[in-house]
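Record features, source Swiss-Prot:
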type	residues	note
TOPO_DOM	1-14	topological domain 'Cytoplasmic'
TRANSMEM	15-35	transmembrane segment
TOPO_DOM	36-47	topological domain 'Extracellular'
TRANSMEM	48-68	transmembrane segment
TOPO_DOM	69-348	topological domain 'Cytoplasmic'
Amino acid sequence: MTGISLLWLWSKRGFIFISYVFLVCFAAVLPIDSIAQASQSSNNALNTFIVVGALVIFAVVCIILIVGRSLYFKSCLQDVPRRYIPSTAIDLPHRGSRELVTQGVEASKQLSTMFIKPKDPVIHPGVEPPERCDDPNIDKVFPEYLNYHSCIKNIADRFKYKGVFMSVDKNKLDIDSTFSDIVREKYIISNENVAVKQNAERLIELYEVLRFSGNPITREQFVYFVELCIYLVEHSLTHHIEEDLTKFPSNTMFSIGEFSTGLQASRIQSRYSAAQSFENDFGENLLNAQLSELLQNKSRIEEERLGRLRRLAGSINESEDEAISSSISRWNTSSGSITNSYSTVVRH
């Protein structure tokens, strides 16, 4: 705004202010004069009451009119849509206000473009995030939108009603026992391993917090719960495999690591027998295949040598024929010995 515009604006505002002051001063003369005359009359009390009452009524009526006007103005604004932005001269006659509104709209537009995609991955507790919203530095282990609370409940119900995390053992416990009671009975009371006891206590504490706290389950809590469950499963599996291995003879070449992939302890012996049978059959078949290949090579070499000898038969004498016949007989003898030796190996 130029200097002349500012001078005109402040002159206008100053004139309005002075006019209001004179209006209030002239309006106050009448009630003051009325009160003064009433106080000097012969009936002071009645006159004063009438004058003061009239002034009070006038003030109350003015207040009612002002409040009513404000309420009516607010009711009119309710009909205006909330997303409506007053940016025209009709809506906002004051140009400075319109410019502020326009600048705010432009700034909001720029910020919405900048922050349309969050800077960090958005991971809400209680459910596994989709791959597009997950942290790329973390390996995707669980399926998308997995409900942590439902998964923990299913694990607890399986252990409670079936007595197992996996099909490695059977527990005969009271059906009224809780998940915590069963874990405590199996891994704390009847166990001497200190590490297993500590992890079982952590599992019980974490389970009660996740199930009954009412707070959403975070990914870290769920992963820790699953790790504790897997630890107890591996302990149970190893324990039962060790018990079954004691049933085998001492000369059996077994190691616990061969069964660390979830092999059922009750099927170890049958699988061992099947493995031995497979090994014997495989070895015999391999020897037979090698023997057949050797015999085929022998026949092919013999035929080639006989062909060469026949081609040379026309250019040699009788003495050479006898030498050739003797060499052929020696070759047949050596071939028969090779065949007998491989047959002996197969029988063994």
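From the backbone N, Cα and C atoms, a Cβ is placed for every residue, glycine too.
Cβ atoms under 8 Å from those of the topological domain 'Cytoplasmic' (1-14) belong to no residue of the same chain, restricted to positions at least 6 beyond its ends.
For the topological domain 'Extracellular' (36-47), the DSSP counts in helix, strand and coil order read 9 helix, 0 strand, 3 coil. Per DSSP, the secondary structure of the topological domain 'Cytoplasmic' (1-14) breaks down as 12 helix, 0 strand, 2 coil. The list of residues near the topological domain 'Extracellular' (36-47) in space but at least 6 beyond its ends in sequence, with Cβ under 8 angstroms from a Cβ of it, is empty.
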